[in-house]
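As annotated by TrEMBL, compositional bias 'Basic and acidic residues' applies to 35-46. Summarising the annotation, TrEMBL assigns domain 'Major facilitator superfamily (MFS) profile' to 109-546. The annotation region 'Disordered' is assigned in TrEMBL to 35-81. The feature transmembrane segment is assigned by TrEMBL to 147-165, 177-196, 202-223, 235-259, 265-286, 343-362, 382-403, 423-448, 454-475, 487-505, 517-537.
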Amino acid sequence: MYTDAFRNTFFVDFLEFFGLTKTFKDINNVRPSLRKSEGSNYDAERATYNSDGSANSHEVSSEVVGEKESADKNSVPQPEEKDPFLVEYSGEDDPEHPLNWSVGKRALTVAEVFVLSCVTYMGSSIYTPGQEQIQQEFHVGHVVGTLNLSMYVLGYGLGPIIFSPLSEFATIGRQQLYIWTLFGYTMLQVGCALVNNIAGLVILRFITGILCSPSLSTGGATIGDIVAPNYVPAFMGVWSIGTVCAPIIGPLLGASMVVAEDWRFIFWLLMWLSSLTLIVLVFFFPETSNENILYRRAVRLRKLTGDNRYYTLKEREESKLSFKEFIFTALYRPFEMIIKDPIVLALDLYIALCYGTFYLFFEAFPIVFVGIYNFTLIEMGLAFLGFCVGCIIAYAVCMLFLVKVVGKQFQDGTFTPETFMQLAMGVCWSLPLSLFLFGWTASVHWILPIISEIFFILCVFNLFQATFSYLAVSYPKYMASVFAGNGLMRAGFACAFPLFGRAMYNNLAIDGYPVAWGSSLLGFVSIGLAVIPFALYKYGPYLRSKSTFSG
């Protein structure tokens with residue numbers, strides 16, 4: 001039955017809220033989790049339900065209570081019993097635990113996260129083929145036109161600072177954040193398609209960037225909820241392929257809309273894609289956060305029994321959290337970690353440079369493929385597909401490393417967080433190579449800049465995997481904060497680079513090589529930053545021992 005298979009989806013929540021579906025059978029699933037040790041008052045607890053499963057919370061026999069009190073006075077000391085009102089899973093095989101879902105349900109959930117991330121990530125670059133038309137229609141220059149890309153990227157860098165901590169709250173969870181932000185994102189695409197001034201478009205793009213960020217900030221956490229730990233890296237890699245390929249495919253789809261109609265149809269396409277995704281999520285995306293699932297179970301028990309004493313541990317902890325403490329966790333700690341911890345600062349800078357350079361390609365490609373080779377908009381969109389080929393190769397390298405190096409060290413007990421730096425050390429050479437190759441072969445043949453994309457992604461993809469894994473293992477207690485800070489720094493660089501990219505390339509251009517020295521400048525910087533994984537591999541344990549955040 002649909003309501004059983006997809007309990008805790010948005011649509012089933014809607015049916016429950018209006019009393020259109022019953023959850024009396026939830027009691028049978030929850031009762032084992034409330035059972036205390038032998039000799040407890042579980043029978044009294046069970047007496048609060050009628051034979052048909054309906055609530056009768058106030059009809060507990062006085063004899064049962066009296067016998068319990070007498071037994072308490074005369075009995076010998078017993079081990080501390082569980083609170084009968086504490087709501088927990090009934091055991092390792094509890095069917096509501098995400099790891100116990102069917103393979104089909106978990107596969108569908110992973111696919112939904114993948115599609116959601118792709119649709120929202122695509123929104124950053126899908127705009128770029130229409131930028132010239134927008135500049136002409138609104139009579140603005142290139143930098144102002146580029147703000148529509150930069151502000152979107154900045155938005156999804158700022159969003160995780162709030163949405164990441166919120167998704168960890170038992171009373172909120174992940175599903176509601178995905179649904180409500182995607183709804184707002186979808187509606188604002190209509191505004192982008194109909195807007196009549198550049199200021200309005202830039203503001204709407206910034207807001208939609210913020211609203212698209214939950215899938216980018218907590219998508220990995222959702223996968224971690226439903227996939228066994230030993231398989232998480234493989235699935236995270238697949239999800240990462242989607243987040244990389246989505247902004248690559250965006251220019252091709254955007255160019256198709258511009259050629260077929262005009263720039264406004266780019267946002268109509270985004271609206272339809274996000275609407276379809278929203279419909280699927282409303283009906284088939286279940287809550288994956290363990291704490292929120294238990295919270296929902298406690299809420300159902302309260303409603304069924306009329307007894308508000310049922311609770312979860314996380315819910316009770318959060319009730320003591322003040323607004324000031326939340327603001328500290330969400331807004332201050334990510335910056336504090338960047339400032340005070342050299343490991344976090346170094347890796348954030350390295351990742352931010354890679355991310356900014358990636359978005360700089362959206363400025364360099366028109367100069368090379370349109371300016372030199374006279375590609376059409378569609379052909380230029382196809383030129384981005386070299387990144388997709390690179391993703392497949394990079395993913396294979398990552399999986400090989402996880403199996404041959406990480407897996408082996410886990411088995412023989414020699415694993416440390418610095419193991420992940422070996423992956424970064426092994427691919428760091430390909431980033432400067434790609435930038436030099438892209439810059440100095442742009443006038444030779446069009447295939448050579450496309451080949452450089454493969455080397456670029458080989459480094460960047462695996463650097464991301466190594467960095468995120470290293471930070472997650474090194475800072476488990478402050479994982480949300482460290483990732484929020486990393487995302488903000490990445491977005492800051494990606495926001496700024498396109499704004500000065502065209503001017504940089506034009507000022508450093510030489511005859512026949514319009515992007516050579518601009519790309520080489522970034523290549524030289526990347527060579528300097530390539531020292532970071534080697535330094536952390538050697539000095540990482542010492543730095544972590546001095547950190548107040550690691551553990």
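Note that Cβ sites are derived from N, Cα and C of the backbone, with glycine treated the same way.
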Of the stretches 343-362, 382-403, 517-537, which racks up the most C-beta pairs under 8 Å with the transmembrane segment (423-448)?
517-537
Kindly say whether the transmembrane segment (517-537) and the transmembrane segment (382-403) touch, using the definition of 3 or more Cβ pairs under 8 Å where each pair is 6 or more positions apart.
no
Would you mind giving the whole-number mean pLDDT across the domain 'Major facilitator superfamily (MFS) profile' (109-546)?
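It averages 91.
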Report, as numbers and ranges, every residue of the chain located at least six residues beyond the transmembrane segment (343-362) whose Cβ falls under 8 Å of a Cβ in that stretch; write 'none' if there are none.
124-125, 128, 149, 153, 251, 337, 384, 431, 435, 453, 456, 459-460, 463-464, 467, 470-471, 474-475, 482, 485-486, 489-494, 496-498, 501, 522, 525-526, 529, 532-533, 535-536, 540, 543-544, 547, 549-550
